[in-house]
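Accompanying notes for the structure given below.
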Amino acid sequence: MTFKTVLLGATAAMGLATGAMAQDDKTKVGFIYVGPIGDLGWSYQHDQGRLAVEEEFGDRVETVYVESVPEGPDAERVLTQMALQGADMIFTTSFGFMEATMNAAQKFPDVKFEHATGYQRADNVSTYSARFYEGRAVQGLIAGEMTESNIIGYIGSYPIPEVIRGINAAYLQAKKVNPEVEFRVVWAYTWFDPAKEAEAAKALIDAGADVILQHTDSTAPQAAAQEAGDVITFGQASDMFDYAPKPRVSSIIDNWNQYYIDRVGAVMDGSWESQDVWGGIDSGMVEIGEITEAVPAEVKEAALELKDKIAAGELHPFTGPINKQDGSAWLAEGETADDETLAGMNFYVEGIKGEIPQ
Amino acid sequence: MSNIDPILLLSAIIIVSTPILLAAIGELVVERAGVLNLGVEGMMITGAVCGFVVATLSGSPWLGFAGAALGGALLSMIFGILTQLFLSNQVATGLALTLFGLGLSALLGQGYIGVKGPAVPDLYLPLLRDIPVLGPILFRHDIIVYLALAIVLGVWIFLNRTRAGRVLRAVGENHDAAHALGYKVVRVRLMAIAFGGACAGLGGAYLSLVRVPQWTEGMTAGAGWIALAIVVFASWRPGRLVLGAWLFGGATALQLALQASGGVQIPIEYLQMAPYLATILVLVILRAGRAPGSLGRPFHASS
């Protein structure tokens with residue numbers, strides 16, 4: 001992987017170099033992705049955002065990207081390369097790029113960085129994320145209603161707040177509609193590894209799960225569920241509609257297009273400032289993919305109603321009373337979670353079994 | 001623990017280990033012929049994409065597997081020609097082959113991302129499949145699982161019971177002596193390399209056609225490197241190779257099943273380590289055997 005990245009980095013650098021020679025008044029925007037753009041999930045959606053930027057600004061921008069960048073020191077090298085070759089702005093689209101982004105930002109104060117799902121900012125580093133947990137709540141409702149074995153499998157990537165938040169949000173809604181429900185979490189320790197994800201899905205199905213939620217980026221769990229038969233899944237990051245109407249019964253779609261267009265526009269007209277954006281269903285950043293006919297009409301209706309309530313701000317997925325896993329009180333009756341707690345969430349809510357790896 | 005169904009687990013182990021086993025048995029033959037080909041990962045992923053593309057175009061998974069073997073063998077011939085005829089460095093060429101294979105496969109697979117391939121049916125074994133316990137574990141798999149085991153058995157017979165196999169081993173142990181006896185060192189090695197490529201290709205296709213089953217870039221995710229390690233682990237012996245592959249596959253399947261069972265008390269980090277740890281441990285206990293004498297050394301008839 002390392003070598004491939006170096007090569008890709010070099011290729012990207014060459015691309016940038018040619019661009020720099022061609023014209024200098026273009027705004028150059030770089031993107032680094034944690035997986036291949038062909039994952040049809042997370043990285044694919046970010047690349048759709050990049051394409052939207054190109055379409056919006058045409059000749060006035062030039063974009064470059066490097067895919068499958070490992071989270072770690074390699075990322076910093078790729079970022080340095082991009083910055084040296086004249087990028088005006090760089091989107092780093094995975095949580096694990098945080099340190100690399102901060103380091104590169106320090107070295108290149110004139111380059112604007114946008115880091116997805118992180119929490120560290122600087123004068124030239126913004127962070128942005130989406131309230132995926134709002135979508136998870138909708139999934140949880142469908143999952144709780146649809147399960148017959150009362151075992152819901154959840155493929156986690158890494159035990160970071162974003163993922164834990166999703167598990168909690170889904171569990172709370174599932175539990176509300178089906179008190180018998182039990183969550184089984186498998187940590188895959190990868191964002192993208194189709195073979196591992198397929199195995200994780202199969203292990204969960206073998207353990208009796210008939211609903212699989214995934215927080216990894218490939219469609220492999222969908223394929224595994226399809227093969228197993230009576231199992232339903234949800235598209236992650238991207239619609240994954242190829243697996244509809246079943247196993248895929250709905251999805252969370254990350255839509256970065258407008259945000260990317262806005263931010264690139266801000267760099268162009270000089271109004272860019274460091275900020276922290278956390279968009280939910282209402283902002284369009286989180287979309288709920290079509291709920292298919294495999295879901296009974298009344299469940300679909302309830303799911304859409306929940307979605308509308310969340311979008312309208314009438315309902316927060318984390319509304320008390322909620323206890324933490326150890327039984328201690330977290331939110332009192334009617335109290336909603338504040339963003340700071342959500343951003344750093346490192347605990348399960350009451351009822352989820354198992355431990356979060358530290 | 002009580003939540004894990006041992007029958008399902010054992011059955012999963014066999015499936016998880018098959019691609020590694022296929023790639024490893026090919027590499028074993030290559031190394032017994034005295035060649036170190038570090039390009040297994042590249043040949044696997046090329047096999048994965050070739051197999052998937054051919055199977056999708058033709059609608060036949062079997063043609064897909066044939067295409068995968070051919071694709072892997074063709075790619076390995078680049079390595080073969082460079083190292084055997086032009087005497088390039090085997091380590092560097094092998095690594096380059098992996099990089100090349102990863103890139104090439106991404107290119108070949110561009111139109112096939114997200115496409116669904118034809119299904120591979122399980123081999124229907126009447127009577128055998130109905131044996132309690134053993135039936136679901138051993139006799140309800142697809143044909144490639146059995147093919148992989150047959151190849152291992154075939155390699156064992158070839159290496160230990162046939163004249164050609166002994167020639168191959170002689171070439172691997174001491175290529176100068178083999179050459180002096182009149183054996184065609186380069187030809188034997190090229191054939192071994194092609195066989196290794198074909199096996200790695202099959203292993204890759206097993207991922208893209210059976211286990212995942214779809215094409216995604218980088219889908220082998222290091223399986224080729226595990227296969228290389230298992231060859232050493234098995235001290236270049238086919239029997240131990242099966243043991244190694246099952247052990248690794250077993251630890252992988254077990255850690256997932258443990259997590260999924262919902263009753264784990266073991267920290268997940270240890271479970272994640274388990275496959276590697278188990279493999280290293282057994283390696284130490286068994287003690288690594290001696291490598292073929294000419295492994296990785298270049299051969300030229302004039303030297």
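Glycine residues also receive a Cβ, built from the backbone N, Cα and C atoms like all the rest.
Features reported for this protein in TrEMBL:
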TRANSMEM  B:6-26  transmembrane segment
TRANSMEM  B:38-57  transmembrane segment
TRANSMEM  B:63-87  transmembrane segment
TRANSMEM  B:94-113  transmembrane segment
TRANSMEM  B:133-159  transmembrane segment
TRANSMEM  B:190-209  transmembrane segment
TRANSMEM  B:215-234  transmembrane segment
TRANSMEM  B:241-258  transmembrane segment
TRANSMEM  B:270-289  transmembrane segment
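Counting Cβ pairs closer than 8 Å and at least 6 residues apart in sequence, the transmembrane segment (B:190-209) and the transmembrane segment (B:241-258) reach fewer than three and form no contact. Ranking B:6-26, B:38-57, B:63-87, B:215-234, B:241-258 by CB pairs under 8 A with the transmembrane segment (B:133-159) puts B:6-26 at the top. Contact counts against the transmembrane segment (B:215-234), taken as Cβ pairs under 8 Å, peak for B:38-57 among the stretches B:6-26, B:38-57, B:63-87, B:241-258.
Same-chain residues lying 6+ beyond the ends of the transmembrane segment (B:38-57) with a Cβ under 8 Å from its Cβ atoms: 19, 23, 26-27, 63-72, 75-76, 79, 90-91, 93-102, 104-105, 108-109, 112, 115, 117-118, 196-197, 200-205, 207-209, 214-215, 218-220, 222-225, 227-228. Remote same-chain residues near the transmembrane segment (B:63-87) are listed as 35, 37, 39, 42-44, 46-56, 93-94, 97, 100-101, 104, 117-118, 144, 186, 189-190, 193-202, 204-205, 209, 298-300 (criterion: CB distance under 8 Å, separation of at least six residues from the stretch ends). Long-range contacts of the transmembrane segment (B:6-26) within the same chain: residues 40, 43-44, 133, 136-138, 140-141, 144-145, 148-149, 151-152, 155, 195-200, 202-204, 206-207, 210-211, 220, 223-224, 226-228, 230-231, 234, 238, 241-242, 244-246, 248-250, 252-254, 257, each at least 6 residues beyond the stretch ends and with a Cβ under 8 Å from a Cβ of the stretch.
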